[in-house]
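Asker: Structure incoming, see below.
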């Protein structure tokens, strides 16, 4: 998801990470290539560029390595026949109706999966790992690097970060922002956006409780329902003892792919025939 203040135009290509190219005193030209899988452009004659590409390529396609000790578990799945959720309010484990993964896919059979909440008060590697992932996400979306204050503050809870872990790799993330005002009431940041024109409806300020600041899934794990599962688990764990309804979730000016997800998740059809998306600014 794009940050709410970003000026990125819809459909624009993301800025790709690239180091300073080595000219080698002009005696050797640099051959710029573009990876067809991660879409990064880099110099094939630069050792530094190749190293940066290898790291970026792995993160984009397969996510980041994640220690089993990082994060507080809020959702676990041990196999594809049973999905469970750990309730923070009751401490009990209850089955969920559906798995986010396709049982027919042989490449994901018998994989341990979980969703964790990133604890900002921890000085270990989980905060650094999350920050590294967000650098990748923001570069891909060409978005400002200003969302970390939402989830990593130890003095004021402005929101939370959740990470989807598969076989000790972070393959998806979501940053949720609280839209409550200082008096506990919802703020006036909510808007309706017309899906096809991306135009905001004027003089209408709906109440939304939480906003999706960022949502991202690595390339090899997309179209498996992971993004939807992240939103569902976040709704159940962002506010202690409360499940936020779908209609009170807003999006931070969604990208093209984010808009498609939003339209399916909680878009509403206006009497005019226009599809409206809940957004916030």
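Placement of Cβ uses the backbone N, Cα and C atoms for every residue, glycine included.
The structure displayed is predicted, hence computed values, not measured ones.
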Asker: Looking at 55, 223, 274, which one is marked N6-acetyllysine in Swiss-Prot?
Answerer: 223
Asker: Check each of the ranges 33-57, 58-82 against Swiss-Prot and return the one annotated as zinc finger.
Answerer: 33-57
Asker: What range among 86-105, 106-125 does Swiss-Prot describe as region 'Disordered'?
Answerer: 86-105
Asker: When the zinc finger (33-57) is classified with DSSP, how many of its residues are helical, how many are strand and how many are coil?
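Answerer: Counting residues per DSSP class in the zinc finger (33-57), I get 11 helix, 5 strand, 9 coil.
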Asker: For the zinc finger (33-57), what's the mean pLDDT in this predicted model?
Answerer: 84
Asker: Provide the number of Cβ atoms within 10 Å of the Cβ of residue 223 (N6-acetyllysine), excluding the reference atom itself.
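Answerer: I count 8 other Cβ atoms within 10 Å of it.
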